[in-house]
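Taken from TrEMBL, the feature transmembrane segment covers B:20-40, B:169-187, B:199-222, B:242-265, B:277-296, B:329-350. Under the heading domain 'ABC transmembrane type-2', TrEMBL lists B:126-357.
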Amino acid sequence: MVEHAISAKGLRKRYGETQAVDGVTFDVAQGEFYGILGPNGAGKTTTLELVEGLREPDEGTARLLGSPSWPRDRTLLRRIGVQLQASAFFEKLTAREQIRTFASLYGVPADRADAMLDTVGLVDKAGTREDKLSGGQAQRLSIACALVHDPELVFLDEPTTGLDPQARRNLWDLLRQINAEGRTVVLTTHYMDEAETLCDRVAIMDHGRVLRAGPPRELVEELGCDSLEDVFLQLTGREYRE
Amino acid sequence: MTPFLSLSAAMTKGLLRDRAAVFFMLVFPLMFLVLLGALLKDSGLSQSEIVQVGDVKVLDDIPAKERAELRDVLRIEKTDGSAAARKEALEKVRKGDTDAAVYQRPGGRVELRYSAADQVRAGNVQGVLDSIVQQANQKATGRPPAFQLRTSTLQDQSTKPIQFLTPGLLGWAVAMSGVFGSAFNLVNWRKKRILRRLWLAPIGAGSVVGARVGVNLALAFAQTGIFLAVATLPYYGLKLTGHWWLCLPLIACGTLAFMSIGLLVGAWAKSEEAANGLAQLIVLPMAFLSGAFFPLDDAPGWVRTVSGFLPLKHLVQAMEDVLSRGEGWGAALPAMGGLLLFAAVLTLIASKLFRWDAA
């Protein structure tokens with residue numbers, strides 16, 4: 001049997017009064033493009049943090065590539081790539097210095113880091129400091145930093161938030177390419193069109209639970225909707241979220 | 001490159017490219033040394049100035065050789081003897097523009113009018129004038145003096161300003177870079193989620209902590225080198241004695257103690273602004289209470305009691321001892337032990353308060 005890239009079972013996490021994640025179970029196959037969708041406060045971020053091994057679950061386990069993600073396992077960390085946020089950069093360093101620093105954390109040589117910069121089309125911005133990059137450039141750089149050690153499994157947290165349509169489409173191409181190279185990609189997003197185009201399967205979350213999971217097209221048909229956005233609104237309601 | 005080296009390089013570049021940080025950690029304390037060192041260099045009573053109105057026989061008759069010696073303590077400005085000139089001279093004394101006015105009444109009586117604003121200076125002028133008059137009186141008798149006073153100065157053992165300014169201001173500089181360095185680093189990395197990103201990289205905590213400590217130690221040694229280079233310039237005249245190099249391990253232990261304060265500040269503060277405010281609130285009073293700017297010999301007892309708990313005080317005192325008082329391990333070791341203990345306790349408390357997220 002082929003090992004699942006991700007196998008999360010009964011994950012629960014409580015912060016004080018809030019049950020942030022309330023029994024989340026899902027599997028992601030090797031090479032799959034998986035989307036986690038949900039309104040603000042639905043528990044997406046905490047779920048991702050539990051799966052990545054940033055936090056210890058109160059209950060349940062998350063296995064990545066066959067190994068538990070908690071406690072911290074440095075051998076496993078070499079095989080996964082994480083993009084937390086576009087701003088997770090070292091202060092006052094240029095794009096090239098950022099990616100070379102991240103590369104060295106994984107024992108990756110500088111020329112491989114420079115090649116990655118080329119892949120995301122940032123060669124002419126190599127000497128630009130992190131705070132002088134545009135939103136799209138910063139997103140591409142943070143994705144490049146997550147990919148520099150050639151991970152098998154990549155987590156992307158809202159990679160296209162705040163980008164203009166051009167930058168978004170460019171990034172989609174990049175993400176498809178990453179996935180086409182055989183990597184498993186997990187992303188969270190607020191854009192349903194994005195999930196519909198990119199993801200093989202999506203999980204729609206709310207109140208710390210997975211409401212529905214499956215290929216976008218199947219979900220649309222199953223619930224008799226026009227688009228994934230309608231599916232999303234039908235499942236999670238229309239009230240304002242925090 | 002190893003993670004340790006590349007993180008050190010990233011931190012060093014981040015620090016050196018932050019002009020405000022470089023100014024506050026390197027240039028600002030050095031400015032204090034350069035300015036205070038020059039201002040306090042000749043502290044003590046300097047030359048007094050008097051105005052001589054018209055002819056005053058005892059002053060005019062001072063032989064050239066004695067006049068030259070006198071010039072170190074007394075500068076005499078001579079004006080004409082008119083009534084207007086006398087009025088003007090007295091006005092100058094009143095305003096404090098000169099220390100005293102002297103003139104001769106008919107019949108040989110010498111009148112000295114001085115301001116009582118500065119008692120020490122007034123006494124000084126009075127004493128000098130009195131001795132000039134007494135010497136003239138004695139000469140007028142035509143007999144050799146019965147008693148003679150010979151004076152010579154001795155290289156005194158009292159503390160010169162540069163001897164406490166150098167360790168004091170250097171200690172303050174090291175305290176600032178230690179506290180601010182680790183507090184800002186922690187808050188900034190937490191806010192930018194670099195801490196979490198590093199948690200998800202296959203590196204040990206030792207590389208991260210080691211890099212931060214290494215960068216701060218290098219910065220502290222650079223500060224020490226620059227301070228000692230400036231203070232030992234002939235103009236400032238700090239003389240390093242035998243065990244002066246013991247200031248290096250002292251600085252290293254001090255840096256760890258100050259970084260632990262920074263860790264505590266960084267663990268508590270949610271934003272860089274809050275970290276900045278709290279760090280200022282700690283470092284500046286600590287510097288004053290530790291005798292970084294002026295000696296605490298005349299401070300009230302409670303101040304000295306409080307300062308006994310401050311790491312900067314022990315660092316400054318031990319550095320003063322080893323830098324210019326010729327003391328050795330005996331002065332350095334207890335201070336180093338205390339600083340390391342302080343660092344250990346605060347780091348432990350900070351680790352309990354540590355948070356990954358700004359929320």
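Every residue, even glycine, has its Cβ placed from backbone N, Cα and C.
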| field | Contact ranking winner - B:169-187, B:199-222, B:242-265, B:277-296, B:329-350 against the transmembrane segment (B:20-40), Cβ under 8 Å | value | B:169-187
| task | Using a Cβ-Cβ cut-off of under 8 Å, list the residues of the same chain that are 6+ residues beyond the ends of the transmembrane segment (B:329-350) and lie near it. | result | 243, 246, 249-250, 253-254, 256-257, 259-261, 263-264, 266-267, 311, 314-315, 317-318, 321-322
| message | Do any residues, 6 or more residues outside the transmembrane segment (B:169-187), come within under 8 Å Cβ-to-Cβ of it, and if so which ones? | response | 11, 15, 21, 24-26, 28-30, 32-33, 36, 195, 212, 215-216, 219-220, 223-224, 227-228, 251, 254-263, 265-267, 269-272, 274-276, 278-279, 282-283, 286-287, 290, 292-293, 312, 315-316, 319
| remark: Contact set of the transmembrane segment (B:277-296) with the rest of its chain, CB cutoff 8 A exclusive, min separation 6+ beyond the ends, reads 32, 36, 159, 164, 168-169, 171-172, 175-176, 179-180, 183, 261-262, 265, 268-269, 303-304, 306-307, 310, 312-313, 315-317
